[in-house]
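*Asks:* What TrEMBL records for this protein is below:
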DOMAIN    11-176  domain 'VOC'
BINDING   GLN14, GLU85, HIS126, GLU172  Zn(2+) binding site
ACT_SITE  GLU172  active site, proton donor/acceptor
DOMAIN    186-336  domain 'VOC'
REGION    451-517  region 'Disordered'
COMPBIAS  452-466  compositional bias 'Basic residues'
COMPBIAS  489-505  compositional bias 'Low complexity'
COMPBIAS  508-517  compositional bias 'Pro residues'
Amino acid sequence: MTAIGRRYNASFQQTMLRIKDPKVSVPFYERHFGMKLVHRYDFPQWKFSLYFLERPRDAAAAALPSPGTKASEAYLWSMTGTTLELTHNHGSEEDDSFSVWSGNCGSDLPAESPLFRAGVVRGFGHIAFNVEDVYAMSAALEAAGVAFQKRPDEGRMKGLAFCLDPDGYWIELVKREEGLFPEPQNLSQTMMRVKDADRTIHFYRDILGMDLVRAMHIPGDFTNYFFANLTPAQREAMADPESAEARAAVKTLWQPVLELTHNHGTEKDDAFHVHTGNSEPLGFGHIGFLVDDLEATCKEMEQAGVPFHKRPQDGGMSSLAFALDPSGALLCGAVPARPVNSIALTRRAANRLPGRARAARRLVRRRVLQLLRSGARRVQHARGTPFRVCLGLSPSHGPAPAAHGVSDRRPTPRRRGRVFIVLFFIIGPDHDTARARARVCPAQAQYMHALSQRKRKHAHIERRRGKQEETPPRHLHRTPYAAPRCHRTQALTQQRRRQQQQQLQEGPPLPWPAPSL
């Protein structure tokens with residue numbers, strides 16, 4: 001049976017971290033790890049702001065829209081990449097006592113450990129970047145003043161390093177194959193600790209539809225499970241998760257994976273509960289997924305026994321929902337900013353089109369809906385540009401505008417022979433691109449235009465009739481010097497009024513039989 005998340009194209013889109021000062025944290029990630037601020041939200045009424053950072057491919061970075069615009073908002077909620085969502089509560093930058101919890105201090109550690117902290121169990125672990133040379137990257141970061149939790153030559157695991165961001169969150173530096181990507185680093189993982197491995201695997205693989213790409217076992221200690229959202233081509237090329245080749249295969253991915261760490265024996269301890277970071281001490285907030293249909297996804301997940309912290313209909317934000325994984329961690333589900341089953345046509349722009357073109361638009365919309373019902377993934381209308389149809393983002397994040405799916409062609413109906421031809425683009429269920437044409441017969445367009453004109457005239461007659469009933473007779477308010485109407489004019493008026501009353505009784509006549517649509 002197909003997983004719920006895979007049916008609704010769920011994709012790992014964000015990791016949320018609370019920060020103290022955005023003027024420090026945002027430049028830190030931009031300067032040292034090549035991330036870009038793709039969008040921001042400010043909520044002064046609730047006194048917090050959100051900053052979304054992505055590590056894009058260098059070829060696509062220049063084409064990113066300016067943060068805080070409608071274009072950047074549309075990009076954020078239709079992207080195929082993964083962002084860091086940095087949440088800033090206003091005023092925390094001025095509070096000297098404010099600090100966030102990194103997730104790596106807890107009572108599940110030995111009491112003599114410097115990371116021991118009573119009253120809380122470790123949950124969130126770290127984010128990671130893949131680099132070609134961990135030693136060189138660590139030296140460059142340390143020279144720039146970045147603090148380190150572990151240098152590459154320290155501890156049991158040589159060649160791995162953990163630096164600290166301005167708020168104390170751990171950032172792992174992992175070696176990847178040289179020459180794999182031209183970019184010096186890529187966001188590679190988000191790590192969280194879980195309580196029960198079997199229930200967690202079932203949730204993320206069989207319900208959310210993620211792929212288990214690697215399982216790393218340390219006997220008698222812990223096991224790491226790596227999950228990712230793969231395309232069909234990547235899924236076929238991926239090695240067995242239990243094999244030795246899986247380690248190298250995971251590092252060939254540009255998009256980050258979800259690393260879930262299970263410390264052996266915690267599933268048998270009823271008193272063990274992972275701290276989620278959403279109560280004191282605060283820190284990590286949630287991970288987020290984009291889905292095509294939020295309400296349908298949440299309904300099926302709830303039927304499968306998944307608990308919810310917030311459903312779409314709860315609260316004021318109907319485009320967001322928060323579910324809980326088996327360890328109690330929050331999962332944010334978001335619907336794309338534009339519905340995938342409709343094309344928005346602005347009324348002002350529609351009224352400027354000729355009558356037949358407006359009618360052709362209705363037929364094109366009907367055709368696009370048929371394509372969506374037949375399995376097309378997305379047919380999306382670009383915000384702010386009348387009637388421009390564009391694709392969703394391509395998984396490769398190549399250079400814009402072609403790879404971002406934005407069509408510069410405005411698909412205005414063109415007359416060719418005896419049909420109107422409208423060009424638009426669709427994206428298939430496997431992210432394959434196709435160009436489609438809607439052929440509209442002039443008789444169909446003319447019939448729909450005539451029908452709308454008749455309906456408009458019919459409504460006008462009804463309004464005029466109601467106005468005449470409310471208006472007193474003309475002789476009661478006619479001035480003494482007004483010239484009386486001639487008998488011929490009065491007869492024509494009475495004849496026209498009788499015709500209008502007959503039309504009201506019989507309904508608007510059609511000039512010809514309706515063609516099949």
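Positions of Cβ are set from backbone N, Cα and C atoms, glycine also.
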*Asks:* List, in sequence order, the same-chain residues at least six positions removed whose CB sits under 8 Å from that of GLN14 (Zn(2+) binding site)?
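*Replies:* For GLN14 (Zn(2+) binding site), the qualifying residues are PHE52, THR82, THR83, LEU84, GLU85, ILE287, GLY288, CYS332.
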*Asks:* Other than its own, how many Cβ atoms are within 10 Å of the Cβ belonging to GLU172 (Zn(2+) binding site)?
*Replies:* 21
*Asks:* Which whole number is the mean pLDDT over the domain 'VOC' (186-336)?
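*Replies:* Mean model confidence (pLDDT) across the domain 'VOC' (186-336) is 91.
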